[in-house]
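Peer 1: Input: one structure, supplied below.
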């Protein structure tokens, strides 16, 4: 009985031992040339470059969400927020300020958008609750 047990253990060990060829090597796949798509895949958009859709908004510089105010207001720390303000107090504080109702493309457009509401195109530093501190006329306005 012991002989049979030892024979089974040796047979199991011999069958579990690795052989010369355990698994076949995976095929070597080189990256596609020039960032293309591997030939065995279907390229999207017929192989062309997909269009970039930004949602219809112009590029932004971060100061005015969704807009492009790099030509509306000066760059820097002050006077970077485009606002439509109706009344000003000595260039220090402006009352009843709000963001433009649509995205202005340039200074004249910014002035036209604000004039439609009866306000003036201003670049302010700290707009808070309808009151804006330290304002000046927007670039490209009269």
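Cβ atoms are placed via backbone N, Cα and C, with glycine included.
Annotation source Swiss-Prot lists disulfide bond at 73-123, 84-114, 85-97, 124-135. As annotated by Swiss-Prot, signal peptide applies to 1-16.
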Peer 1: Starting from the Cβ of residue 114 (disulfide bond), draw a 10 Å sphere and report how many other Cβ atoms land inside it.
Peer 2: 24
Peer 1: Residue 114 (disulfide bond): which of the disulfide-bonded residues 73, 123, 124, 135 have a C-alpha within 10 angstroms of it?
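Peer 2: The disulfide-bonded residues passing the 10 Å Cα test: none.
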Peer 1: Can you figure out which of 84, 85, 97, 135 (the disulfide-bonded residues) comes closest in space to residue 123 (disulfide bond), comparing Cα atoms?
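Peer 2: Checking each of 84, 85, 97, 135 against residue 123 (disulfide bond), the shortest Cα distance is to 135.
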Peer 1: I want to verify one value. Collapsing DSSP to three states, which class is residue 114 (disulfide bond)?
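Peer 2: Helix, per DSSP.
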Peer 1: Nearest to residue 97 (disulfide bond) by Cα distance: which of the disulfide-bonded residues 73, 84, 124, 135 is it?
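Peer 2: Going through 73, 84, 124, 135 one by one, the Cα closest to that of residue 97 (disulfide bond) is 84.
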Peer 1: In sequence order, what residues of the same chain, 6+ apart, have a Cβ less than 8 Å from the Cβ of residue 85 (disulfide bond)?
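Peer 2: Same-chain residues close to residue 85 (disulfide bond) (Cβ under 8 Å, separated by 6 or more) are 94, 95, 96, 97, 119, 120, 122, 124, 132, 135.
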Peer 1: What Cα-Cα separation, expressed in whole Å, is found between residue 84 (disulfide bond) and residue 73 (disulfide bond)?
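Peer 2: Residue 84 (disulfide bond) and residue 73 (disulfide bond) have their Cα atoms 13 Å apart.
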